[in-house]
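To start, the structure itself, in structure tokens.
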Amino acid sequence: MSKTDEKNMMGRWGATSYIVGNIIGSGIFITPTTILNNVHSVGASLLIWILAGIIATLGALCYVELGTSIRKSGGDFAYLCHVRWTAIAFSFMSCACIFTNPGTMAIQMETFSEYVIQGLKLEFCNSSTRFIVNKLISFSLILLLYFLNCFSVRAVVARFQMVAMGAKVIASGIIVICGIVVWLSLGVQSDNFKEPFAHSNFYPGSVALALFSGLFSYDGWDILNYGAEDVKKPRRVMPFAIIVGMSTCAALYITMNLSYFVVLSVPEVQSSNAVAMASLTFAEKTLGSQFKYAMPFLVCIVLIGSLNATLFGGSRYLWASARERHFPSFISCINREHDSPRAALFVHVLLSMAFSFLGNLEELINYVAFTHWIIRSITMLSLLCIRFNICKRPVHEKAIRVPLILPIIFLIVCLSLVSITIIQSFKSSIV
């Protein structure tokens, strides 16, 4: 490899920023209330965030071995095909195209609607009217993004993604800084930290559902798998990037949650079914009436950016699958004038709209997370098959080998989460 090629590859800090930028997004503004509703205490909630970070880091390290052993694009699909589990690979690819990607977008759509409704203090005479307005807001946004992506306004979309990144940093910074200022000047919510584990709910099913929500916020840790060949000296860079990147994300998430609990009482965080309420109540208490709308405005920008990224990636994945004849061929049609996969975009948007009717945000998160962790369980089995050479297929000579105990532990965690969820709630686990 030439020195010029090496200069164009990601080093330690480039790979680290890639991980952090991909993970930190809308999840932190969606899941804190959901986690607290499951475990019922400040201490247990913070433990869930720490445990979710450890599990995600463990998974990321295992996936680095897969990504450097099988240097093909396609993620889980490529790994399962490598061990000749093509039927399972096709099933999971179909599940991603039809279920998990549209389901993720449905979660983001619903959260955006909640932030708009709560941020503007809209009041409704009955629940039916609220439901209709919620759908009108979310569908209007997704149709606008669909229109933009159809005409491939790359300059506009790319610039907005930069704005969304800025909003993400500002919103996170506001929460952390306000929490520190309140703590230094006024003290903390004494009830929250005097007995942090009071009324904790450690029932396995509730812990599993809380972990699903926490892991949803950490999702995206497998991003380096798709660019392993663009990383300089992967044996040194990848483990460093994962450990530092995941530690940074975990530290930010825990600090933001600490800031919430410095300002808000547990009942205030749990006071509304609207997942947006915690951030909005926090903004009202810390920023005052003049600037209380700043937080929902910033979070809405973050959510629009996340929605656009999900729509872009999900529709392209669906388009690529149709191009390989895994789905009807009309989905692979592309508009040559604007270089836009309009059919795939349209199908993806329709599926997302349909999934938004399946349940509330907590149920949608559980559906999507449950499916993700089934897929990761099977992928870990494929890694063990590769490690013990059961499939008798060669791997890349410069593959990173993590200690064997790591994929075994991660597989046990995956299977435990899935099994406990099935036992806890058949309705929430099987669609």
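Don't overthink the numbers, they just go from 1 along the chain as shown.
Even glycines carry a Cβ here, placed using N, Cα and C.
Copied from TrEMBL, the annotated features are:
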| type | residues | note |
| --- | --- | --- |
| TRANSMEM | 12-30 | transmembrane segment |
| TRANSMEM | 42-64 | transmembrane segment |
| TRANSMEM | 85-107 | transmembrane segment |
| TRANSMEM | 136-157 | transmembrane segment |
| TRANSMEM | 169-188 | transmembrane segment |
| TRANSMEM | 200-218 | transmembrane segment |
| TRANSMEM | 239-263 | transmembrane segment |
| TRANSMEM | 293-319 | transmembrane segment |
| TRANSMEM | 340-358 | transmembrane segment |
| TRANSMEM | 370-390 | transmembrane segment |
| TRANSMEM | 402-426 | transmembrane segment |
Check: Do the transmembrane segment (12-30) and the transmembrane segment (200-218) come close, with at least three CB pairs under 8 A (pairs 6 or more apart in sequence)?
Finding: yes
Check: Is the number of Cβ-Cβ pairs under 8 Å between the transmembrane segment (239-263) and the transmembrane segment (42-64) three or more, considering only pairs separated by 6 or more positions?
Finding: yes
Margin query: Quick check for me: are there 3+ Cβ pairs below 8 Å between the transmembrane segment (85-107) and the transmembrane segment (402-426), leaving out pairs under 6 residues apart?
Written below: no
Check: What stretch, picked from 42-64, 340-358, 402-426, has the most CB pairs under 8 A with the transmembrane segment (370-390)?
Finding: 402-426
Check: Who are the chain neighbours of the transmembrane segment (42-64) in space, where the CB to CB distance is under 8 Å and they lie at least 6 residues beyond its ends?
Finding: 19, 32, 35-36, 192-193, 196-197, 200-202, 207, 210-211, 213-215, 217-219, 221-222, 224-225, 228, 234, 238-239, 242-243, 246-247, 249-250, 253-254, 257-258, 261, 266, 376, 379-380, 383, 400, 402, 406-407, 409-410, 413
Check: What else in the chain is close to the transmembrane segment (293-319), if you only count residues 6 or more beyond its ends and a Cβ gap under 8 Å?
Finding: 25-26, 29, 96-97, 101-102, 104-105, 108-109, 111-112, 115-116, 118-119, 141-142, 145-146, 148-149, 157, 160-161, 163-165, 167-168, 170-171, 174-175, 276, 279-280, 282-283, 287, 327, 331-332, 334, 341, 343-345, 347-349
Next item on the list: Tally Cβ pairs under 8 Å between the transmembrane segment (200-218) and each listed stretch (169-188, 340-358, 402-426), then give the stretch with the top tally.
Entry: 402-426
Checklist line | Contacting positions for the transmembrane segment (340-358) when only residues 6+ beyond its ends and CB under 8 Å are counted | finding: 98-99, 101-103, 105-106, 109-110, 135, 138-139, 142-143, 146, 149-152, 311, 314-316, 318-319, 322, 330-334, 364, 367, 431
Next item on the list: Please give the sequence-distant neighbours of the transmembrane segment (169-188): residues at least 6 beyond its ends with Cβ less than 8 Å from one of its Cβ atoms.
Entry: 24, 28-29, 252, 255-256, 258-263, 279, 282-283, 286-287, 294-295, 298-299, 302
